Each structure stands twice: as C-alpha cells, then as structure tokens.
Amino acid sequence: MDEDDGLLLNFAVPDVSVSSGSNKRTTSKVTGGKWKDRRKLQLSLQGRGRNQKKDRSATGKDDGKKHENDESNDSKKRPTIEPIHGPTSKMIKFSESKGEFGGKNNSYVSSLFTSNQSSSQLKVTKESDEKTYLPSNAPVEDASTFEGLGINERLSKHLTETLRFKNPTKVQKSVIPTMLSTERDLFIKAQTGSGKTLSFLLPIFHKLMMENKHKINRDSGLFAVILTPTRELATQIYGVLETLTRCYHHIVPGIVIGGEKKKSEKARIRKGVNILVGTPGRLADHMENTESLDISQLRWLILDEGDKLVELGFEETITKITNLITRNSQIMESMHKWQGLPVRRINLLCSATMQNNVEKLGSIILNNPEMISDGSSSGKHSEEVTAPDQLIQNVVVVPPKLRLVTLSAILKKISSDMSGTNNSTRTIVFFSCSDSVNFHFDVFTRGGNTFKKVKNDESGKLETVEVENDTPLIGQGTAVYKLHGSLSQQTRTSTLQAFIKDSKSNHSILFCTDVASRGLDLPNIASVIEYDPPFTIDDHLHRIGRSARVGKEGTATLFLLPGNEEGYVDGKLQVVHPKEGNLRIVNYENYLKDGFSAKSNNEDTKKKSKDPKSREGKWDIHATTWHLDIERWLLEDSGAHDKAVQAFTSHIRAYATHLSSERNYFNVKLLHLGHLAKSFGLRETPKKLGKSVESNSGIQGASKKTKKEDPRKKMLRMAKMALKSNSDEFNYS
C-alpha cells in the first residue's frame, strides 16, 4: 500500500534567462560542498557558466549580448568564418591583415601583401624624365697614345696589341707623364674604374725596363712596394703585373697576403722579387721576421685605396712600415749604380674619396705632394667625388616583407633576358654581413648548381667538375657564387677566379659583402644590386664602381625601406649622382610583375575567371607561392632554419652600426622586426627568435665547458696508463 500522505511542495527556481536579462541580477547564496562546486553553481545561477553558450546554441535561444570571454576564446583558438548578410551570400575567409597563429611549431603565418607601408616621400620616375649620358671614365678618343705619354715602344705595343688597351684614360694621361718627369709625391683622386692601377704601374715598369747600365733582374733587389686593404685587390694587382711581365720577363713581381703560407712566401722572397704587392699586416710581419727581404733599394711606395686602409685600422701598421723603410734605406749609396731610377723614395696615395682621415694619412706618408684629380692637377680638396655619368642608379622602395621576392624577381628577369642567347652577363649582390650571404646563397642555389672535386686519372690532381648548370629558383644557365671575409683565402681566390672565368653560364651572380667592393676590376659587370644599404656614402661609390668601368654601361639598384630611409635619396644620393635623370625611382611592383607574371598557353586559363584568386599568371599569387615554398623549406630543414635565424640577427646587428651622421635615415629602433623576419622566410615572432638565439648561445657555452670526469673512469684510465708504461719500459723495438 502506498504510504503517500498527499502533501505537495512547490519550489520556486529562478529562471536563468530572465535573471540574466534583467537589470537586477539575482544573487543566491550557495552553501556546503567544495569551493569549486559552489563557484560553478553560483556562476550558473548568474548565467555566466561555461556551458551557457552551448545551451543557447542547442535551444536556439540567445540573449543577443556579446560576451567578452566567448570572443577572446574564439580568437585565440582559430579564425572563424561568418556569413555576410547583404547583397552577396559568399563566404569570406579570415582576414590575414595581422596574421594568425597555428602554423607548424606554433609559428606565425602572415600574408605577403598585407599591412605593408607604402612609399610616401619619393615619386616614381617617369620615362620622359630618364636621361643617359656619355661615359665620364672612358679612354680619351684622341691622338694620344701610351707611347706619346712617354712609355717605351716595347711596353706600348704590348698594351695595345696584347692587352687591347687602345687609348689611355684621363687619369692615366695626367699621372703617367708626372711620374716619368718628376720625383714628387702624388695624391691621386679619381672615380672608380678610371684606370688608376695602370696609371702608377706603367711608369714604374717603364723605369725598370729602361735601366741600361745594369739590367734589372730578380737579384737586383726590391724597388717598389704596393699596399692594398684587401687580399682580393692585392691578387688582382699582382695579376696585372704578371701580364706586363710577358713583354719583359726579367722583372719579377711578388705577393704577400694573409691566409697564405708564410713559408712559401719566404721562399719566393729568398729567390728575389722586384715589385712586391701585399696587405699591411703580412708585409710588416715579413719586414720584421724575414731576413732575406731587403728593402734598402726601395724607390716607390704606393698605398692603393687609402680611405679603406684607414677605415680598416691600418694607419699604425703603415706608419711602422714607412719607418722601417726609412731606417733601412741605402738609396744614396747606390745612386751611381741605378742611374735611371729616382734618387729618393716616391710615395703615392690613391683614393676614390677625399676624407679627413685620408688627408691625415697623406700628411704622415706624403712630403709636399702634388694633387691629381680626375685628369687635372688642382688643389681643390673639397671637390665632391661622383659616380660615372653613364651609370644608371635605380632606387626601389620595398616593404620589408617583400624584400626577398623582389630580389628574386630582379634576378629572374635578368636571367630570362639572357637565356637563349650567346651573350653572358654578371651581377653582384651586396649584403651587410657574411651570415646573410650564406643564407641567401643557400636559398637561391637550393636544388640547383652543385660542384664536386674529382681525381683526374692522368694527372692525379683534384679538379673541380660542374655537375649541373642551372639554378631552378632563378633560371637556366645561371650560376651563383658567394664571397665574404669569413671564407678561407684559398676559397676566396678560387671563387673569384671561377666567377671571372665562367664562360658557360649566361648569367653569373656573386653574393658578397663589401670585401668585393674595393678596387676589383671584374669584367662584364652589368648590374650591381645593393640589397642592404651601404654603411657610408663612400661604400656606395665603391660598390657601384664595380659596374660602368672604363667607359662601359652599367646599372645599379639600391633597396630602401619605406619611411626614414627614403630621405637617403635627397640627403646623400643626389650629391654623388648629380646628373639629372640618372637617379631613378622604380616601383617594386614593376619588378614583381616582370619576374612572376608567368604566361600560360592554356586556352582555359586565358579566360578571365570571376574569382580573382583562380586566375593563372597573376604575379602576386606566384610571388606568394614562391615565398611560401621558402618558408616550408625552413620548417622542414632545421639546419637551414638556424642559418636563417643567424642571418636575421646578424643583419639587425649590422644595421645598428650605421654612422651617427646617417642614423636619421637608418635607425634600428624604427625597423619592423616582424616584417623583416618574414623576408628571411621566418614565421616566428622576433621575441621568440631572440629567445631561440639566447638558448642556442647558452647551449654552445655549456658545451664548451669540460665535464668533470667520473672518479671511477679516471681511476681505470690511470691504471691503464700505468700498465702501458710498465710494458713499454723495456720495449726497444
């Protein structure tokens, strides 16, 4: 029998929707149980529970309010796709204007063409404003010849017939007669590529050849020393001397540079040299430690690229060298023997720029010098040095995220123009640091040109053999080389020679630092690209001076970032590019369109599609795909990723070393580090990259510390050593 007494109890439970929607929130005190359970129940009574959103979506009810917690949680989890209520019912994807997290290894994925700062100060140069000029450093087309300047017939014939030098340049017309007729010290200032090297080599060679009383040979002694700031420039001058000795083999040149074996250099000096080319540090070392180096008969001391010598800190070393030469000089005692040579030491200082530090070096080395500047003897020390008139200087203002694809587009365009032709061209790309050179070299040679050393069966020597002859990321028939100061001297020399002598490739590209910007006469350099801005305006002049040499045409391209860097054009470049129409502002999109506008022959793809992203041949899609391929490669290859991180951090450090006078154009605090990291193919935020660099440096530092040896292993090791010493004590075999 049911014991129901018929009593009914009614409990009034507050409605959640009503309580949440009312202005006056119902507060019910919950007691008993755990704190977490009480908190959950309290929140549910107030309509703030975690499951409220699910309940509303399940029941189809919504209070119409926007909850801050819901919005923040959704934005952190993933982008949402919401329908657009309007004339169209299409769905749009999440906007990548600020990027999004969620990539591999929790990386940050951003779009390539969004949130880019546009150029606000510079206007693109119109075609009607572009002008070209006649070469300013070309050989003089008149009746003047080398023989007419005073060079002997034998050497002049060798220059014109063998070396193909038809006429002397302006600076040669001024320097050669002065060196032949007087014995004054000279300060030579002229444009890069104007023939300064031959202007001082030819008079020295002529004087040594014309010594009649005693014929000059390797046993006669050392008569000339040429100092250069870089090993590459010393090697080049030594090569020019070797070509001159073909008409008179009795004169022997020599070279001493860092990175080579001192023992081999001492052996060559012991045999005897008449003209010695070298870098200051190695030459000073030989003067102090090589007894066979006799400098008592020295007649000429030439300092080439004097501004760079001072910049690299060789001022004290050069002073030491000159003091040693002066102390050991015996010119007065041998005047009667070498009657055709100068009766005093002649000092020459060559420089493309005139700075206070160069003038200071000249005051130390030179004695009452004569100034020769661009073909005229004048005392105008304030004269500005300018770029060659025929050089076309392009300036492209590129957003930081688009730097890498823009460089790729320029190189692709040059290679495509040269493909299928019998002509060849060379391009030099300058970077600010060696880590950046290594990274970009790996990027553009990925899956392309490879070289290996094989043993020749006949000679038994190792030879470098080319395996492939194309670079897929740039174009067929393209070879890429790299050169920087961190490479060994043997690698630097062989790389430079391979780049110069490469006749198989239609387009040869050299990625390098400023080590290749001074004095090198590289043939057929049609284009110079300054991917990273120069540290000084003088560095800019020397960089672009690799092109447009001795009257030839040339093009230089400078990359700048939007913002303060645009002021560099009016503040600095206009001074060294005074010719109207030579300095041109180019839109970076023109390069991207030329490099990434792939033409399709398919009839279906030629038809315009309603969806713009489905069009084939759209340059921005191809550029994005190219860049994403680099990013995926870095995600898959940890070694390449580490190189990219190292290149990025080294680039920032190098950027911070700009001169204080140019800091208003290149301020490291104004860089958008995130966008700049994108140009290195990195998806991590700068903060995360900084932590990874610190952790890697910490790991490297910890690995350098030697671990404490285990006592047991130490005891066993010492026991084995004692046993071995006892067994070997009477072993006389």
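From the backbone N, Cα and C atoms, a Cβ is placed for every residue, glycine too.
Residues or ranges marked as region 'Disordered' in Swiss-Prot: 1-92 (among others).
Annotated compositional bias 'Basic and acidic residues' per Swiss-Prot: 52-80, in sequence order.
Annotated region 'Disordered' per Swiss-Prot: 119-139 (among others), in sequence order.
Among the features that Swiss-Prot reports, motif 'Q motif' is placed at 144-173. In the predicted structure, the motif 'Q motif' (144-173) carries a mean pLDDT of 89.
Among the features that Swiss-Prot reports, domain 'Helicase ATP-binding' is placed at 177-372.
Following the DSSP three-state reduction, the secondary structure of GLY195 (ATP binding site) is coil. Residues annotated as ATP binding site in Swiss-Prot: ALA190, GLN191, THR192, GLY193, SER194, GLY195, LYS196, THR197.
Taking Cβ pairs closer than 8 Å, the motif 'DEAD box' (304-307) reaches residues 196-197, 226-230, 233, 237, 349-353, 355, 357-358, 361-362, 518-519, 538 in its own chain, all 6 or more past its ends. Summarising the annotation, Swiss-Prot assigns motif 'DEAD box' to 304-307.
Residues annotated as domain 'Helicase C-terminal' in Swiss-Prot: 406-596.
Per Swiss-Prot, region 'Disordered' is recorded for 687-714 (among others).
Taking each of the binding-site residues ALA190, GLN191, GLY193 in turn and counting other Cβ atoms within 10 Å of its Cβ gives the largest count for GLY193.
With respect to Cβ neighbours within 10 Å, the binding-site residues THR192, SER194, GLY195, THR197 differ, and THR197 shows the lowest count. If you draw a 10 Å sphere around the CB of LYS196 (ATP binding site), it holds 25 other CB atoms from the protein chains shown.
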